[in-house]
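Have a look at the structure below, then the notes.
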Amino acid sequence: MLQITRGVHTGRELLAQRCSKLIDSVIRVDHAGELGANQIYRGQMAILGHTKAGKTIQHMWEQEKAHKEEFDRLINKYRVRPTALLPFWNVAGFALGAGTALLGEKAAMACTVAVESVIVEHYNDQLRKLMDDPTFTDKELLDKIQRFRDEEQEHHDTGLEHGAEQAPFYRALTDVIKFGCRTAIKIAEKV
């Protein structure tokens, strides 16, 4: 319960209500990333939903919806300010998903491989930082990030199994997408 001293909150009491800068950053960027992932799959489904790849994309999208729902909850639980760039991530994610899907199923899967490889790496970095922080005690958050990381790895592997590496200009396409994802992560951690 918040104590009030002469109508003013003490600094320590306000800090007790807020999460650490690390958790604040983790939740902000993961929330933005899961929103972006949802939009990528939404864009892919808009183009490929009626194809044989549609069922696979839908399965991955359902997992991403659950990830975003959980980060929506965590944003509220920890009182984290979402990134100011959510409207941009909405549009950029959909454009990336639809754009790669317009290049074909293999290009859509190459997009998945590129995005998920960066996200798995990002989640692993977060897990290391959280486990190294002596003040971090939220095992539930750690477990969720580990589970989501494992599901993102599954999406990556699914993309490879569905011919991602056979996409036209695979290396160039995935390098550009990976660069964009890493840039988006750095921005969302702060903004």
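Glycine residues also receive a Cβ, built from the backbone N, Cα and C atoms like all the rest.
Copied over from TrEMBL:
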BINDING   Glu34, Glu64, His67, Glu152  Fe cation 1 binding site
BINDING   Glu64, Glu116, Glu152, His155  Fe cation 2 binding site
Shell of the Fe cation 1 site beyond Glu34, Glu64, His67, Glu152, same chain only (C-beta within 8 angstroms of their C-beta centre): Gly33, Ala37, Asn38, Gln63, Ala66, Lys68, Ile119, Phe148, Glu151
Glu116 (Fe cation 2 binding site) and Glu34 (Fe cation 1 binding site), Cα-Cα, nearest whole angstrom: 11
Residue pair Glu116 (Fe cation 2 binding site), Glu152 (Fe cation 1 binding site) - Cα distance, angstrom, rounded: 6
Listed in sequence order, residues with CB under 8 A of Glu152 (Fe cation 1 binding site) and six or more positions away: Glu116, Ile119, Val120, Tyr123
Check: same-chain CB within 8 A of Fe cation 2 site center, minus Glu64, Glu116, Glu152, His155: Ala37, Met60, Gln63, Thr112, Val115, Ile119, Val120, Glu151, Gln153, Glu154, His156
All-chain count of other Cβ atoms within 10 Å of His155 (Fe cation 2 binding site): 25
Intrachain C-beta neighbours of Glu64 (Fe cation 1 binding site), sequence separation six or more, cut-off 8 angstroms: Glu34, Ala37, Asn38, Tyr41
Cα separation, His67 (Fe cation 1 binding site) to His155 (Fe cation 2 binding site) (Å, whole number): 13
